[in-house]
């Protein structure tokens, strides 16, 4: 065991709601951490790129490819 296991256990046991909610008492913490991660991925820019711009670019590329595929398929069906 690591030397931190005792302090981690004390911290987890001191988190309120253990009797009523059990392990589900940590859900608000995970929601907040997830929201913070999402916020940072959208708003923080590394160099010239951030996650949001990259995602939108990939989404637009996939949409264009799908439309081209559908148009090619329609052209083949009419021949």
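Any Cβ shown, glycine's included, is placed from N, Cα and C.
Note that the structure is predicted; figures quoted are calculated from it, not measured.
Marked as topological domain 'Mitochondrial matrix' by Swiss-Prot: 1-20. For the topological domain 'Mitochondrial matrix' (1-20), the mean pLDDT of the prediction comes to 84.
Below 8 angstroms of C-beta separation, not one residue of the same chain at least six residues beyond the ends of the topological domain 'Mitochondrial intermembrane' (44-79) sits close to that stretch. The topological domain 'Mitochondrial intermembrane' feature in Swiss-Prot is assigned to 44-79.
Summarising the annotation, Swiss-Prot assigns transmembrane segment to 21-43 and lists sequence analysis as the type of evidence.
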